[in-house]
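Please read the structure below before turning to the comments.
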Amino acid sequence: MFLPIFFIFSFLFSSTNAADFCVGDLNGPVGPAGYSCKKTATEDDFSFSGLLRTAGNTSNLVKAAITPAFSTQFPGVNGLGISIARLDLAVGGVIPMHTHPRASELILVMDGTLFAGFISSDNKVYSKSLNEGDIMIFPQGLLHFQINTGKTQSVAFVSFNSADPGVQILDFALFTNDLPTDIIEGTTFLDAAQIKKLKGVLGGTG
């Protein structure tokens, strides 16, 4: 009788909140599973103040801004399979065609009007105009986009089922690096002049 009780109490008292969460140590190594754990967590690790209340700077090529609260910015979500970001889109602003390799995305429109959609693996398009209070889901790994089609600034919040969803923007993947023009031409059916123009706009070479 003594031994079972001993093991129960040993388990209870040896359990720590390290099993409940793993606040990311941003100074430590990071791998596919996220950051290693901080030795000591504080209340501040589990809150993220101010940044998501502030509009992002949309004075750029795509007239849009993304303010993330992923594990790198918000270490408390490390390992919990959840994160959030704020989207700001000026009139005509666009979040270009992109994918999140590690997460599905849910968008909630707070202000304005967005036209959003995704393309399934059988190349079917699912798109819809979204107004204030509307939500839409974008399944993991599928190409998707958002465009401000309204007459005012748009604000939305996007949540992910990963602390680090990752992102690959299609245009940037093709035209911001040194992938040779002839390779892009052969794999996309774009002509060399178009490719060089896009490389010039986005900073690519080759």
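Note that Cβ sites are derived from N, Cα and C of the backbone, with glycine treated the same way.
Noted in TrEMBL for the protein shown:
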- HIS98, HIS100, GLU105, HIS144: Mn(2+) binding site (BINDING)
- HIS100, GLU105: oxalate binding site (BINDING)
- CYS22-CYS37: disulfide bond (DISULFID)
- 59-196: domain 'Cupin type-1' (DOMAIN)
- 1-18: signal peptide (SIGNAL)
Inter-residue C-alpha distance, CYS37 (disulfide bond) and GLU105 (Mn(2+) binding site) (nearest angstrom): 25
Sparsest-packed of the listed binding-site residues (HIS98, HIS100, HIS144) - C-beta count within 10 angstroms: HIS98
Of CYS22, CYS37 (the disulfide-bonded residues), the residue whose Cβ has the fewest other Cβ atoms within 10 Å: CYS37
Secondary structure tally of the domain 'Cupin type-1' (59-196) (DSSP, helix then strand then coil): 22 helix, 57 strand, 59 coil
Close in space, distant in sequence - GLU105 (Mn(2+) binding site), Cβ under 8 Å, 6 or more apart: ILE137, PHE138, HIS144, VAL158, SER159, PHE160, PRO165
Cα distance (Å, whole number) from CYS22 (disulfide bond) to HIS98 (Mn(2+) binding site): 29
Shell list (Mn(2+); ref centroid = CB of HIS98, HIS100, GLU105, HIS144; cutoff 8 A): THR99, PHE118, PHE138, LEU142, LEU143, PRO165, VAL167
